[in-house]
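A short write-up of the structure that comes next.
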Amino acid sequence: MGALCSSETYMLDKETYKKQVEHNKMIEQDLDKDRKLKILKLLILGPGESGKSTTIKQIKIIHDEGYSVEEKLIRRHGIFMNILEGIEEIHLAVGRENKSYKNPLSFDHIHEVRMFTENFKKADEADKILGAEVINAIQKYVKDETVAMMLRDKTVYNIDDSTIYFLDNFSRIIQKDYLPTEEDILKSRVPTSGVIQYKIMLKNFNFKIFDVGGQRAQRRKWLHVFDDVHAVLFITSLSEYDQVLREDATVNRMKESLNLFEKICNGRYFINTAMILFLNKIDLFEIKIKHTNITVALTSYKGPQERDSALDYIRKRFVSLNKNKKRSIYEHVTCATDTEQIQVVIDSVIDVVIQHTMQKVGIQ
């Protein structure tokens with residue numbers, strides 16, 4: 001009886017063996033799909049100062065726990081540095097535009113700021129506060145009629161928006177108990193060096209988000225994060241069409257961005273990768289287009305000097321660079337510092353990444 005039972009069991013296994021192997025293979029395939037979906041990699045690329053790091057900050061504020069008190073205290077030092085660098089930026093713009101100070105003491109104020117900045121860079125973190133003398137120098141400097149005029153017409157003279165913001169909030173920032181707000185952090189600038197990785201749970205999926213330095217010298221560091229990327233978010237600044245690269249004053253920023261997008265979009269690493277395009281800084285673009293035509297960068301543009309027409313032309317220029325006609329470019333016009341607007345856009349981006357990845361591994 002026992003032998004019969006053994007024989008029947010053997011015969012049953014033999015008959016179903018092939019089906020069992022096929023079933024196990026299907027299970028392994030499903031597990032493999034789960035493994036592939038376990039971590040989704042989103043690579044954020046684009047030229048320097050386009051808004052990549054600001055977008056990362058928004059994701060942290062919207063979908064994570066925001067910034068702790070300790071993190072805000074660390075950011076405070078960076079904001080002080082942004083103000084000091086902003087004053088130097090204004091001074092350089094005065095010379096670049098062949099303007100003259102109305103107050104001859106403005107040169108003394110600049111000297112005070114420069115001396116303080118050098119010491120600030122060398123100081124220990126605990127000592128990085130704005131002293132009374134440099135505060136006084138900054139307050140007097142921005143009252144110079146030439147400086148005040150340039151700050152009012154910031155887009156004409158390409159004064160960074162964060163510089164304007166921090167100077168507008170200077171009286172609050174210099175208080176001894178100053179703790180940066182989330183808006184302060186969004187406006188702050190810390191150039192990304194190399195590749196910075198963030199891990200975050202978004203809509204029940206584990207994401208790895210890579211923020212990559214956009215300056216030319218940083219781009220060679222992109223290569224090792226290209227493997228198995230599920231989506232690329234390319235961010236470009238709409239408002240910098242009349243500006244040149246910091247690292248090369250002969251190269252227009254808009255042209256550089258178009259060239260970079262073309263290389264990334266059609267690169268061998270991203271043949272099957274979802275491609276998302278942020279046309280960022282629409283708020284500054286709307287101001288600048290009123291006095292500066294996009295023809296300074298895009299000479300083939302023949303349309304009117306107004307927002308919608310110029311924006312549509314820029315959008316089409318970017319999209320036309322995609323040589324893979326089977327792949328869509330998911331475009332969004334954004335203002336990365338506008339939390340309410342960017343929340344809707346980021347949610348859409350997350351959905352695109354998840355859906356594209358599921359389709360890629362065969363999960364519909």
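Including glycine, each Cβ sits where the backbone N, Cα and C put it.
Copied from Swiss-Prot, the annotated features are:
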- 46-53, 186-192, 211-215, 280-283, ALA336: GTP binding site (BINDING)
- SER53, THR192: Mg(2+) binding site (BINDING)
- 38-364: domain 'G-alpha' (DOMAIN)
- GLY2: N-myristoyl glycine (LIPID)
- CYS5: S-palmitoyl cysteine (LIPID)
- 41-54: region 'G1 motif' (REGION)
- 184-192: region 'G2 motif' (REGION)
- 207-216: region 'G3 motif' (REGION)
- 276-283: region 'G4 motif' (REGION)
- 334-339: region 'G5 motif' (REGION)
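According to DSSP, SER53 (Mg(2+) binding site) sits within a helical segment. Taking the binding-site residues SER50, THR192 in turn, the residue surrounded by the fewest other Cβ atoms inside 10 Å of its Cβ turns out to be THR192. Listed by sequence, the residues of this chain that lie at least six past the ends of the region 'G5 motif' (334-339) yet keep a Cβ under 8 A from its Cβ atoms are 51, 54-55, 58, 61-62, 182-183, 186-187, 235, 278-283, 345. Highest Cβ count within 10 Å among the binding-site residues LEU186, VAL190, VAL212, ALA336: ALA336. Here the binding-site residues are SER53, ASN280, and the one whose Cβ sees the fewest other Cβ atoms within 10 Å is SER53.
Mean pLDDT across the region 'G2 motif' (184-192) comes to 89 in this model.
The helix, strand and coil residue counts that DSSP assigns across the region 'G2 motif' (184-192) are 4 helix, 0 strand, 5 coil. Reduced to three states, the DSSP call for ALA336 (GTP binding site) is coil. When DSSP labels each residue, the region 'G4 motif' (276-283) comes out as 2 helix, 5 strand, 1 coil, counted as helix, strand and coil in that order.
In the three-state DSSP scheme, VAL212 (GTP binding site) is classed as strand. In this structure, the C-alpha atom of GLY46 (GTP binding site) lies 12 angstrom from that of THR192 (Mg(2+) binding site).
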